[in-house]
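Below is one structure. I have some questions about it.
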Amino acid sequence: MAEWSEEQLIDRLAADLKPVRKSPSASLMAGLWLAVVVAISLFLALVSDVGSMLHRLTAAPDMWLAVLGSSLTTILAAIAAFQTSIPGRNPYWGLLPLPALAIWIGFSGLGCLRDLILPDSEPATIRLSMDCVFFILGLSVPLSALMIIMLRRTFPLRPNLTALLGGIAAAAAAATLLNFFHPFNVTASDLLLHALAIGLIVGCNRLLAKSAYAPGSGR
């Protein structure tokens with residue numbers, strides 16, 4: 001068999017290479033995903049009583065601070081998810097949403113004490129609380145699916161971290177948008193059901209990480 005020179009070998013190997021499509025930047029992908037969330041919020045604003053929502057949120061400081069926390073969690077977790085999906089990016093991007101997450105959780109918990117602030121407030125019934133759970137789950141699923149589809153193009157090297165952040169972003173977005181249709185005050189049982197729904201979404205994203213982001217998984 002004839003021996004090839006180094007230059008011939010390189011030319012032969014290069015001839016079989018196929019061009020690789022460059023993935024969009026993490027910032028662009030995060031912006032596109034968040035644009036979908038904004039579009040959903042604009043639609044919900046058209047079919048809900050925005051004035052009533054604003055009045056309710058401004059009735060007690062913990063309410064609008066909790067919404068601020070969940071909104072920031074959505075934005076920062078989405079950015080962190082797409083950043084950690086890019087090979088070579090610092091895994092400490094995963095810490096980005098933690099301050100906002102702490103604000104969201106902390107002031108949501110304070111909402112359980114709202115009866116002391118607003119004595120005439122009406123607590124949620126179990127049926128209404130379950131409606132909220134179904135809303136969170138129903139909205140989180142398509143947002144999570146969109147996140148997974150977009151993230152699969154980047155071949156995340158830390159699929160568990162990326163999936164965790166993506167699940168947090170989707171769940172936080174759903175919890176934020178729930179405020180358009182959440183006319184009652186949060187009780188301990190209501191908050192627990194919300195937390196279970198959010199935990200379920202985050203957990204499912206985490207469980208699907210390896211299969212969803214594995215090389216060759218339907219790309």
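Cβ coordinates come from backbone N, Cα and C, glycine included.
Bear in mind that the values here come from a model prediction, so they are computed numbers and not experimental data.
OK, TrEMBL features for this one:
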- 28-48: transmembrane segment (TRANSMEM)
- 63-82: transmembrane segment (TRANSMEM)
- 94-113: transmembrane segment (TRANSMEM)
- 133-151: transmembrane segment (TRANSMEM)
- 163-185: transmembrane segment (TRANSMEM)
- 191-209: transmembrane segment (TRANSMEM)
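Quick one: where do these features end up spatially?
For the transmembrane segment (94-113), same-chain residues at least 6 beyond its ends with a Cβ under 8 Å from one of its own Cβ atoms are 60, 62-63, 65-66, 68-70, 72-73, 75-77, 79-80, 83-84, 161, 164-165, 168-169, 172, 175, 185-188, 191, 194.
For the transmembrane segment (163-185), the residues of the chain that approach it from at least six positions outside its boundaries are 33, 37, 40-41, 44-45, 48, 50, 52-53, 56-57, 67, 70-71, 73-74, 77-78, 80-81, 84, 94, 97, 101, 104, 111, 114-115, 118, 121-124, 128, 132, 135-137, 139-140, 143-144, 147-148, 151, 156, 194, 197-198, 201-206, 208-209, 212-213, judged by C-beta separation under 8 angstroms.
Counting same-chain residues at least six beyond the ends of the transmembrane segment (191-209), those with a Cβ under 8 angstroms from any Cβ of the stretch are 108-109, 111-112, 129-130, 132-133, 136-137, 140-141, 144, 147-148, 159-160, 162-164, 166-168, 170-172, 174-175.
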Can you tell me which parts of the same chain pack against the transmembrane segment (28-48), counting only residues 6+ beyond its ends and a CB-CB cutoff under 8 A?
74-75, 78-79, 81-83, 139, 143, 146-147, 150-151, 154, 169, 173, 176-177, 180-181
